[in-house]
Amino acid sequence: MMFPGELNTNSRANPPVPVFPLRSTGLSSQYSPYSTSRFQEIQQKCNLKCTWKCSFLLLVFFTFVITTFLFYLMAVRKSCTDTREKCVFLEKSKAIAMDSENSLKLTTEAPPLTTTTTSNVSTRGKFKSDVTPEDLSDLHRQHTRYQWPSVLEITSFNTPYSSNVYPYHFWNLEFYNKQPVFMRLNLTLPWGANFAVYGRRNVAPSITQHDFSEFIKGGKLDNRLSRRSADIIEKDPLVVNVTLVQYLDTGRWFLSIYNDDIRPHTVVLKIAEAEDVSTTCPNECSGHGSCYLGKCDCIDGYQGNDCSKSVCPMLCSNHGKYGGGLCHCEEGWKGTECDIPETDCRVADCSGHGVCKNGVCQCQQGWKGDDCDEVDCMDKSCSGHGICVSGKCYCKAGWQGEDCSLMNKQVFQCLPRCSDHGTYDLETGVCICNKFWTGPDCSQALCNLNCGPHGKCDQGRCECDIGWTGDKCDQLPCDERCSEHGQCRNGTCVCSRGWNGKHCTFQGCDNGCGNHGNCILINNMYSCVCDDGWEGESCSVRLEMECNDEIDNDQDGMIDCSDSECCNSASCTDHIMCLASNDPLDVLLRKQPPSVTASFYQRVKFLVEEHSVQSYAHLDEYREQ
């Protein structure tokens with residue numbers, strides 16, 4: 001209880017200003033506790049007592065306190081350095097004690113891991129059953145001094161890579177996959193360790209952004225979080241091998257292996273192609289799921305490796321099976337409860353806007369939906385110039401009418417013409433060019449054909465200059481008559497066998513001179529000029545050219561000098577078959593013609609006369625009888 005004129009020195013808040021009733025107190029105003037003279041009196045007393053001595057004593061006291069605090073900090077730091085004790089929070093000490101008691105009760109030292117790796121990190125490690133603050137302090141100092149590489153690049157598969165991963169840290173790796181394939185990630189790590197593996201293509205993964213993730217709890221794969229198969233092969237009581245199988249697409253892959261323990265662990269990773277992985281699912285998922293890379297993804301209501309176990313069956317009117325929250329009807333039934341025959345419509349009269357045929361409502365124009373209960377546009381496409389929404393056409397700019405089929409001429413009259421090679425789109429405000437035209441105003445011809453110096457590309461084809469033809473204007477044309485008995489080659493008519501002339505209109509030598517001569521125009525007539533060794537009108541008769549090889553080369557039954565064709569040869573000039581004889585015509589012309597009454601002997605006697613046609617005949621050997 002407070003009385004007027006009394007101050008409450010124990011209150012934490014500012015004392016309220018008292019309010020007094022309007023009455024006479026009988027006291028003089030100079031005795032008021034809130035008067036100005038009262039405060040001046042208190043200030044004078046303080047000035048007399050608080051001299052420079054008080055200030056000096058306060059300064060000495062504060063200096064002593066600060067110096068004592070600094071010495072205390074230095075002593076604590078030196079004590080931690082000399083005794084290798086770690087000043088830790090109580091919660092961390094409890095966590096270390098619990099983890100040491102639960103997870104490391106086997107032996108005090110693990111066998112060394114010997115691997116072949118390109119990493120510079122050691123592959124040996126020890127596991128202590130008792131983790132002391134000294135060990136954690138030493139570990140912290142080692143981690144502070146060590147500079148970790150950002151990313152370790154894996155240059156070859158089937159090669160082990162190892163690293164000593166510190167607590168709550170990542171081991172980052174990357175490699176390039178040349179083709180889509182199943183990859184096997186073999187991890188060798190201590191028994192009881194907790195790790196997470198994150199993978200991402202072309203970009204480094206994170207905890208929230210990754211293409212796949214695997215969790216290893218207590219040295220074993222967490223099957224609840226992994227949809228891929230994994231093999232765990234225990235070769236050592238303190239070391240386990242965990243195999244992860246992943247389907248990786250082509251590209252550069254980044255891996256991040258996270259140590260989720262309070263102590264460092266040595267991890268060995270070896271990546272290899274998994275050639276024996278099957279992509280088929282057991283029993284084809286029993287028809288209750290989809291198969292993806294050898295794993296069944298069951299629909300709601302089914303579970304198991306092959307999705308054969310039903311979770312919650314439903315009656316479905318005894319005409320179907322329940323799965324995934326829905327009834328899967330048997331053949332001949334439909335509806336949400338499988339209670340409608342296949343030949344019936346869900347709404348028998350199709351809402352009065354259609355006809356039911358074979359269980360399907362065929363709606364009238366202007367209506368749509370399974371039950372013909374939704375209003376539709378009379379023209380669903382809105383003439384290609386609008387969008388149908390709730391039975392109404394909303395036209396694009398420049399078009400009007402119920403079905404957007406009427407052009408707004410006032411708008412189109414003011415639009416650009418797009419060089420008459422396109423149409424102007426009001427929505428985008430650009431010209432939509434026709435085929436083979438481009439540019440902002442469709443004035444540039446688009447053609448990528450090389451028509452050479454004798455043509456130009458127009459609308460995807462070559463327009464040739466006069467006198468040139470062909471797809472690329474690189475051919476000279478020939479006269480139309482050339483096509484009857486020849487072929488045009490670069491403006492020249494190449495005649496078929498037996499035809500000649502500029503346009504192959506003149507019939508030439510028979511059989512083309514048998515390919516043994518040339519057909520030449522002589523005196524306005526074509527005749528064969530045979531090659532050596534051939535004769536005849538068509539150069540088809542072979543001549544004996546080798547007269548000293550005792551071979552019938554021309555196959556006429558006469559060998560060498562026996563053939564008259566060899567008489568001009570030096571080896572046959574003296575041969576009996578090559579002796580010169582007179583021409584019978586010349587002999588007859590030199591003689592007097594026989595009389596009309598001459599006998600046959602007299603007429604042919606010149607053949608056996610001496611120095612006549614035959615050089616070896618004798619007249620006395622013949623008689624006229």
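Glycine is treated like the rest: Cβ placed from N, Cα and C.
Listed in TrEMBL:
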- 54-75: transmembrane segment (TRANSMEM)
- 110-129: region 'Disordered' (REGION)
- 303-339: domain 'EGF-like' (DOMAIN)
- C329-C338: disulfide bond (DISULFID)
- 505-540: domain 'EGF-like' (DOMAIN)
- C509-C519: disulfide bond (DISULFID)
- C530-C539: disulfide bond (DISULFID)
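Each residue contributes its Cα atom, and for C329 (disulfide bond) and C530 (disulfide bond) those atoms are 93 Å apart.
Residues near C519 (disulfide bond) in space but far in sequence (CB under 8 A, at least 6 apart, same chain), listed by position: N500, G508, C509, G512, C513, Y526, S527, C528. Distance from the CA of C530 (disulfide bond) to the CA of C338 (disulfide bond) is 97 Å. Taking Cβ pairs closer than 8 Å, the domain 'EGF-like' (303-339) reaches residues 281-289, 296, 346, 359 in its own chain, all 6 or more past its ends. Secondary structure from DSSP puts C539 (disulfide bond) in coil. Comparing local CB density within 10 A for the disulfide-bonded residues C509, C530, the maximum falls on C509. On its own chain, C539 (disulfide bond) has C513, G514, H516, G517, C528, C530, D531 as residues at least 6 apart in sequence with a Cβ closer than 8 Å to its own Cβ.
For the domain 'EGF-like' (303-339), the DSSP-based tally of helix, strand and coil residues reads 3 helix, 13 strand, 21 coil. A 10 Å cutoff on Cβ-Cβ distances gives C338 (disulfide bond) a total of 22 other Cβ atoms nearby, all chains included. There are 20 other CB atoms within 10 A of the CB of C329 (disulfide bond), with all protein chains counted.
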